[in-house]
Amino acid sequence: MENGAGAGDDEYTRDGSVDLRGNPVLRSKRGGWKACSFIVVYELFERMAYYGIASNLVIYLTEKLHQGTVEAANNVTNWSGTVFITPLIGAVVADAWLGRYWTFVAGSAVYLMGMLLLTLAVSVPALKPPPCDGGGGGAACPRASALQLGVYFGGLYTIALGHGGTKPNISTIGADQFDDFHPPEKLHKLSFFNWWMFTIFLGILFSTTVLVYLQDNVSWTVGYGIPTLGLMVSVAVFLAGTPLYRHKVPQGSPLATMGMAFLNKAAVKPAARLPGWTLCTVTQVEETKQIVKLVPLLATMVVPCTLVAQAGTLFVKQGVTLDRRIGKFHVPPASLGAFVTATMLVCIVLYDRFLVPAVRRRTKNPRGITLLQRISLGMLLQIVTMVVTSVVESRRLGYARRHGLVAAGGQLPVTIFILLPQFVLLGVADAFLVVGQIEFFYDQAPESMKSLGTAMSLTAYGAGNLLSSAILAAVERVTGGGKGRTPWVTNNLNASRLDYYYAFLATLAAANLLAFVVHSCKYSYRVESTETIDVDVAMDDVQGGGVARVKSEAAPMA
């Protein structure tokens with residue numbers, strides 16, 4: 001047990017936090033924003049590393065490994081899908097056996113091995129196919145060998161495995177640094193996820209500008225080497241903060257208690273003597289029911305994540321077909337993703353500092369609006385984004401047809417910045433959707449299954465990416481099925497009908513939003529999360545040492 005001068009029982013955390021040895025911890029010695037600073041710095045560098053690979057992946061696959069547009073796009077989304085599904089494994093391991101800290105450390109070691117292997121794959125000449133003869137496509141571009149593909153994709157999927165151990169636990173470890181039973185800390189925790197996402201997108205911003213430029217204009221070795229070094233730094237920073245962290249004791253496997261209404265009988269002890277493993281506590285049953293209640297809403301998160309996946313695949317390939325010059329400077333197509341990030345950064349700050357205080361004075365909800373309302377706004381904005389994207393693409397294709405540039409393919413003398421509206425709108429949508437989704441599944445998961453809750457939100461991205469691959473493959477097959485018919489998506493985007501494809505995604509998103517609203521109206525929030533913090537306290541009272549008060553009052557439902 002930690003010692004402190006004059007320490008009373010009330011100075012220890014009340015949420016069950018312990019140190020790595022299982023001892024109770026003093027509030028003044030561990031946790032809070034001081035501990036979170038190490039975790040936030042880790043996330044900054046780690047996101048820089050991950051998006052240093054992911055942002056420009058479709059370009060590497062098409063231009064260096066010589067894959068076609070559909071094949072490359074599907075390889076990107078298949079990998080991204082795996083990256084966001086493996087956290088389910090890491091969440092179970094963390095909540096059941098190793099705990100969040102040690103699962104995270106093990107995942108980091110695997111993650112780092114994957115980054116090193118990728119850097120090797122882009123640096124050693126024997127591990128890369130030779131460049132295209134004369135810069136052409138088709139037969140002039142030698143295909144990558146089995147060894148070259150094996151090493152590169154081996155590195156990618158090693159990263160995916162390591163990501164399964166790190167991603168569901170790092171944000172949960174950060175949230176664990178705030179005690180829900182201490183009103184000032186609970187107030188800070190409400191802003192944690194907004195600022196967490198702000199840090200994430202700072203890392204993404206660096207990746208989609210500096211790293212993408214280095215990859216396109218200097219070398220892929222430098223462009224991959226820097227994020228690998230960044231990951232090493234991030235792990236070192238996280239480990240340095242270990243003496244300051246609060247930890248939660250593993251509560252047992254969440255999978256051991258899965259079920260729903262019929263599970264009420266599981267908590268009733270029958271007259272006959274049964275093995276101990278056949279009986280569940282009432283708490284286990286209620287926690288299991290709470291997790292299962294989230295599944296219908298999780299299913300409606302998949303389509304929005306499919307739309308998000310377009311920014312790293314087809315949006316980037318659109319940019320390749322346009323004029324990227326600003327004077328003597330050439331804009332890397334993947335760098336337009338920086339506008340998604342920058343827009344999100346601005347919107348998150350505006351949301352947290354201005355919109356939430358203004359709205360919560362009327363709603364009495366500490367978040368201003370409920371999490372499900374925030375998510376629904378993000379979904380609505382996504383539909384607007386895809387409609388605008390379809391219109392912009394229709395005009396791009398119209399220009400190609402009017403000037404006889406369809407068959408030739410290649411670049412059009414039209415600025416790449418005509419794509420800017422779709423990237424900016426997607427950033428606004430993500431500010432509502434992405435942050436709300438992560439916070440919702442963390443907040444609504446039972447206390448013993450917080451890592452699983454975080455993993456569920458990530459699983460939606462995994463399923464969304466896999467759905468994107470399936471839809472794109474189906475669209476290519478169906479629309480190109482007839483003799484002489486050109487698929488909606490081909491290697492020559494000037495001959496494609498991406499505008500139809502985006503319109504289809506907008507329609508799909510609208511139907512999904514309707515389903516989400518139906519499920520949201522039926523959903524009742526977890527009891528503990530409906531306790532609101534009395535935020536009517538003036539900011540100068542808080543800054544002057546005033547204490548925020550908790551009152552047991554149900555927050556407005558979605």
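Including glycine, each Cβ sits where the backbone N, Cα and C put it.
For reference, TrEMBL has these:
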TRANSMEM  101-122  transmembrane segment
TRANSMEM  192-214  transmembrane segment
TRANSMEM  226-245  transmembrane segment
TRANSMEM  294-316  transmembrane segment
TRANSMEM  336-354  transmembrane segment
TRANSMEM  375-392  transmembrane segment
TRANSMEM  412-435  transmembrane segment
TRANSMEM  455-475  transmembrane segment
TRANSMEM  500-518  transmembrane segment
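Sequence-distant contacts of the transmembrane segment (101-122), counting only residues of its own chain at least 6 positions beyond either end whose CB sits under 8 Å from a CB of the stretch, comprise 20, 49, 53, 60, 64, 90, 93-94, 128, 148, 151-152, 154-167, 169-170, 173, 220-221, 223-225, 227-228, 231-232, 235, 238-239, 242, 245, 247, 451.
Between the transmembrane segment (336-354) and the transmembrane segment (294-316), the number of CB pairs under 8 angstroms, six or more residues apart, is three or more, so the stretches are in contact. The stretches the transmembrane segment (412-435) and the transmembrane segment (500-518) are not in mutual contact, being linked by fewer than three Cβ pairs under 8 Å (pairs 6 or more apart in sequence). Below 8 angstroms of C-beta separation, residues 301, 304, 307, 310, 315, 369, 418-419, 421-422, 425-426, 428-434, 436-437, 440, 499-500, 502-503, 505-506, 509-510, 512-513, 516-517, 520, 558 of the same chain, each at least six residues beyond the ends of the transmembrane segment (375-392), sit close to that stretch. Taking residue pairs at least 6 apart in sequence, the transmembrane segment (500-518) and the transmembrane segment (294-316) share three or more C-beta contacts under 8 angstroms. Residues 36, 40, 43-48, 50-52, 55-56, 171, 174-175, 178, 222-223, 226-227, 332, 334-338, 341-342, 344-345, 348-349, 351-352, 434-435, 438-439, 442 of the same chain lie 6 or more positions beyond the ends of the transmembrane segment (192-214) yet place their CB under 8 Å from a CB of it.
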